[in-house]
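Straight from Swiss-Prot, the features:
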BINDING   SER287, 347-348, 365-373, 387-390  UDP-alpha-D-glucose binding site
Amino acid sequence: MPISDINAGSHILVFPYPAQGHMLTLLDLTHQLAIRNLTITILVTPKNLPTISPLLAAHPTTVSALLLPLPPHPAIPSGIENVKDLPNDAFKAMMVALGDLYNPLRDWFRNQPNPPVAIISDFFLGWTHHLAVELGIRRYTFSPSGALALSVIFSLWRYQPKRIDVENEKEAIKFPKIPNSPEYPWWQLSPIYRSYVEGDPDSEFIKDGFLADIASWGIVINSFTELEQVYVDHLKHELGHDQVFAVGPLLPPGDKTSGRGGSSSNDVLSWLDTCADRTVVYVCFGSQMVLTNGQMEVVALGLEKSRVKFVWSVKEPTVGHEAANYGRVPPGFEDRVSGRGLVIRGWVPQVAILSHDSVGVFLTHCGWNSVMEAVAAEVLMLTWPMSADQFSNATLLHELKVGIKVCEGSNIVPNSDELAELFSKSLSDETRLERKRVKEFAKSAKEAVGPKGSSVGELERLVDNLSL
């Protein structure tokens, strides 16, 4: 009898963190669990309901929403419920505010005739582990980061390395227990970790959350063993159990790849249809990052000088960004490159763009979702990590030889001539090792999510585990 039949009816609570890069992949995992006959309740605050609406429509009998209001926090302006709308200094406040859902969520559980038997929640919601323990159920940590990055995050909070010279931002922090012994200058470590203050209530709450992640029943990762085998094995060794599930790449189901992009999706894809295979550079720095005007100028100059075809996804700057000289596309640039490139403001159908045969190179900030989407689509990456886990992700890409370094850091301004040369050479040089390697990993990614693939096997093992 198939595992999915055995487990029909098991009720799971899924709790995503309200940030685009965190929510979408956990919702893609939720879809995979739903088609395996699990009953799922997704917890969101009211203003995040539209993000899960397509999933609710696709699974009307097995997936439902639990709406709980976001508890107030002095650092979060009224009406804001998603990280993308937060002031720059309020990221940790969202983690703390969501922690105040402990009692309302416990009350909801106790009033259910058929309460969930397990919780799957984002690694920024570590407090749900304590709730699960109180309720006598299992909590699984969902990591929107890969296995190497998660190894670094767990190592930071478990061992708490410190600088010898507290004034030296470049001091190297070493991770000798992690395979290949990565090391990073202090400034490249997680900003959440770097801002930890011993004894500060919010800092201690966040630290406790990550330690609770380590203590949780299992870890679910958007990666696949063929890409990160050594780091998946390391996590199992560090955690002392094998409940680490590499279930990626988690991508939107079927033809949903363009639906996330809004009204501009069809225009972009139609334009790409006019381009030859592997002739287009895609430029995107994620849903949160806004470049300085100086960086915008250099990227624009690099694209212009290279004479390559391109799609450049630009996050719409706020009034505050504009006042601080962030996010401006150089005047006249779009006219000068008309017909050769597109500048798209706002959200774009990234999976569909990367999957298009015309796209051959991706200038990326190395956010993990972007990495997984590019690997799956067989697109060579030019790396410009800027924050958080992006430096670990870039390390992995260089280690596996599927990425070429451009620069690193959110303050650096690269040379436009060097950038132009990278754009043109990375598209034209079919013999380079990185292109061969990305082709091999794309094949592995496809096999991982195919019949009898490693990630499908891990999904089935997870479904089986959820219902024990």
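Cβ atoms here come from the backbone N, Cα and C positions, even for glycine.
Annotated features, which come from Swiss-Prot, shown on the structure.
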{"residue": "SER287", "record": "UDP-alpha-D-glucose binding site", "DSSP class": "coil"}
{"residue": "VAL348", "record": "UDP-alpha-D-glucose binding site", "DSSP class": "coil"}
{"residue": "CYS366", "record": "UDP-alpha-D-glucose binding site", "DSSP class": "coil"}
{"residue": "MET372", "record": "UDP-alpha-D-glucose binding site", "DSSP class": "helix"}
{"residue": "SER387", "record": "UDP-alpha-D-glucose binding site", "DSSP class": "coil"}
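For the binding-site residues SER370, SER387, the ranking by surrounding Cβ atoms (within 10 Å, all protein chains) places SER370 first.
Counting only same-chain residues six or more apart in sequence, the Cβ atoms lying under 8 angstroms from the Cβ of ASP389 (UDP-alpha-D-glucose binding site) belong to SER145, GLY146, ALA149, VAL152, ILE153, SER190, TRP368. Cβ contacts within 10 Å of TRP368 (UDP-alpha-D-glucose binding site), excluding its own Cβ and spanning all protein chains shown: 26. Counting every protein chain shown, the number of other Cβ atoms lying within 10 Å of the Cβ of CYS366 (UDP-alpha-D-glucose binding site) is 29. In sequence order, GLN20, GLY21, LYS84, LYS315, TRP347 are the residues near SER287 (UDP-alpha-D-glucose binding site), counting only same-chain partners six or more apart with C-beta under 8 A.
The 10 Å shell around the Cβ of VAL348 (UDP-alpha-D-glucose binding site) contains 24 further Cβ atoms across the protein chains shown.
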